[in-house]
């Protein structure tokens, strides 16, 4: 009987085959396909726990912008300081998925996990104003209400997911010890130097920085924009801003599926063309959003002018 080391617990091949099917794993114990409902499988359990933990990170990271009117007086924030106060969180989700799923499934697993996790920012935009108003209705003073809201929602969510990650017994696929992944024969700094010296890595880093940078900015300023531009109450502005983050549930998985479909016909070159087309369309839409605001102001001047 061959056993598979997955973090804190060892599984036999027969146990993995029973959970995921004999044809569902490769020779290293990694899942070769994503099965969202195979909850008895350690791979599916790790998948759901990974995106839920990252969901909590996104929720906590973007919990401040929706209730900014309540935070500014308490924290003495100037308008220019508010976006800088919302700091993003990092997670090991994508690395975890790369160890649990085989190359044939890791792309889709990463896309779905990251997409669903990013919805945490939308949930924060929607839930935080409502939770804040609920705390106020319970008679909590305004100066304390936002603190209580943070304890009841983001803090509780983070603690719950972190405890679940600690209690989960499966970390790594076969052939990887508890302290790290499979051995490559290279030192840590050799691997780092190889990545830093590769120009393609810099191109992809800049591309992702543009794409994700726009998202971070939008998540930070969307609720405040709807409040000031359309004079919406805090709850309505949060609901409107949540629509942007909620698109991640579909957009990221759809991008992974489209990339895989084109790659079957044109290989890596097809993936690059899809990336170029989507990024170019995104840039054009960013310009269009800016021009829409300018055109609207020319047609209908604000009442204070």
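Using N, Cα and C of the backbone, Cβ positions are placed for all residues, glycine too.
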Under TrEMBL, which of the candidate ranges 13-34, 123-144 is annotated transmembrane segment?
123-144
Between 252-270, 271-289, which stretch does TrEMBL give the note transmembrane segment?
271-289
Looking at the ranges 82-99, 100-117, which is given as transmembrane segment in TrEMBL?
100-117
Output the single range from 49-68, 123-144, 230-251, 271-289 maximising the number of Cβ pairs under 8 Å to the transmembrane segment (100-117).
49-68
Positions on the same chain near the transmembrane segment (49-68), where near means CB under 8 A and six or more residues out
77, 82, 85-91, 93, 96-97, 112-114, 116-121, 123-129, 132, 146, 149-150, 153-155, 157-158, 160-162, 164-165, 168, 219-224, 234, 237-238, 241, 245
Quick test of the contact rule: Cβ under 8 Å, at least six residues beyond the ends. What residues does that give for the transmembrane segment (230-251)?
62, 65-67, 69-70, 114-116, 118-123, 125-126, 128-130, 132-133, 218-219, 222-224
